[in-house]
Every structure is written in C-alpha cells, then in structure tokens.
Amino acid sequence: MAASLRRPSFTACSSPTDTDDEGVRGTCEDASICKRFAVSIGYWQDPYIQHLVRLSKERKAPEINRGYFARVHGVSQLTKAFLRKTECNCQILNLGAGMDTTFWMLKDEDLLPRKYFEIDFPMIVTRKLHSIKLKPLLSKPILDLHSEDTLQMDGHMLDSTRYAIIGADLRDIADLEEKLKKCNMSTQLPTLLIAECVLVYMTPEQSANLLKWAANSFEAAMFINYEQVNMGDRFGQIMIENLRRRQCDLAGVETCKSLESQKPRRPLVPCGWESASAIDMMELYSRLPRAEVIRIESLEFLDEMELLEQLMQHYCLCWATKGGSELGLKEITY
C-alpha cells in the first residue's frame, strides 16, 4: 500500500502471541526510558530520542546509567568500524530495534549504509511509525533521502530508499525474510546484523535458526549481540526472578551461563559464522577512553563501585563475522 509519510494510514492488528509477548515488549519500554534518562543528564548526545520516548520522573541509579553508556558506546564503535571497513557500501539489519535512533545518528555523521532496516514486534513498530509521522525531526531525513514520490507504508511497515521499518516476529524466519525482501533487502551487500537483549528472549533453537539464516543469507556479514551473561550465580538468578515477576521469561537463559558458553552458541560458529569474540561489559568499561570515563563519572556520584561491577559482569558484547576477507571484517574488534 502506497501512502504519504505525512498522511499514512495505520491499521490495528493483533496475533495469538501478542499477550504471551507482552512482558518482552515491556523490556523495550524499560530500555528506552533508561536511555532517555541517561541522555537527559548528559551521558551522551541524542537529539532524537526525546521524540520517541517519554522522560521518566523516576531518577535512574548511576550504575544503570553508566551501564547504558557502555552498551551504547560498545555497539556504536563496532557498528562504525563495520561501516568504515565497507565504506558504507553495505546494509544494516537492527533486530528488535525498539525506539533505537541509530539511523538518524548515523545520517548526522555521514555514515549511513546503503539501507538501514529495523525489525520489531508489529505493536512496537506501529508506535514508532506514529512518532515518525508526527515529528518532522524524524520524518524529514527519511523524506530527504527518498527518491520516489510516495513511500510504501501501512500500519506495521514503512519502506523508503534508505530506511525501512518492519513489523515481524523474529521467530518466524519465512515471514521475516519475505518482508525484508519486499523492502529490497540485498543478499549481495555486506550486512551487519545487530541484536541487543533480543536472542535471550528466544529459545536456543529459535535463536540458532535466526543465526543460521543470517549466516546462510549473506556472503559477507557481521553479527553484534549484546545480552546477559554469567546468569548461573545468585545475582543472575535475582535478575531472572525479577523479570519472571513481570511475566517476562528469559527463554534462552541456559545459553547465557558464561562468556565461553556465549561464543560457541551465538552468533556464532556452529551457526555458520567463522570467527567470534566476546567480552563482558566490565572489561569493555575498562577499555573506554579515559577522558570519557572521567566525564561520565563526574556527572553523578556512585556510592559503591561494586554495584557497577556486579551489574556489568552480567552483560556482554559478542561479535562474529563470516566472509568479507577482502574488507578485513575479521580485524574488527573492540
């Protein structure tokens, strides 16, 4: 269905799994609100998130804010390394993108790939499309880069020349692939796939199917995965119990026991990827530029450094590559 971005048509839709996935969709809201709060007190610059996410009245703990800073920094550094290796002659698939603003941030830095795709639950996509429609700061970059008179849009999808957002269930590979191809996903372009706290909400079989599909679909690719780790200890069990109280089950938590269980499991080698690396977020924090650490630690006082260490040791950043030897993809590291 063709529609103008200024007058899109939105249609309501539900599926049998909507209720089952309500807890998982709620984690999107939580993460978005935490990012918005961290931005509001100066952890990093993001002029777009305020147009997608409300500002929480509740102050977030300093260790939470520093954790999100490290997460955003780590994923951003790996993403930009991929874009520079490919000279932006590539595409990005952001899986479970939520209210992410990377597309707009990359445009401002003149680092946009040939096309940027976002995929998430249809209900989340509908909400994001509504904000894009209403906010010129979000819609104008999409329109400015679009080469045709009309955009392909309905309530759960928008497809433009450089940006697409798709409502789909990542557990349904056939439907996902069909929708991506309708939005002109290329299997020939070097492809970066990003998943932040996404695979852990899928069973190991479901996430393995997604990762095998990704490895088999693209000749040269990289996968960035951010999620929980070291979940077998007492702190990890408390995290699991807190989420279960909110009807949110970590279906893939058994594969998040340690960094070593992460590397062979996902994104990673048995699923068709050729190289794999992983670090926990405390290690990543220790590698942050010293000037940035001094800056963010001056923003607010952290009473106990042990709280930060405990939290950061239970999240990790993994990345894997396949093909692209002529591009030097295996050289990408944090």
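Cβ coordinates are placed from backbone N, Cα and C, and glycine is handled just like the others.
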Stated TrEMBL location of region 'Disordered', expressed as one of 1-23, 254-276: 1-23
Set of same-chain residues at least 6 away whose C-beta sits under 8 angstroms from GLY96 (S-adenosyl-L-methionine binding site): CYS28, ILE119, ASP120, LEU170, ALA195, GLU196, CYS197, VAL198
CB contacts for ASP169 (S-adenosyl-L-methionine binding site) [other CB atoms within 10 A, all chains]: 17
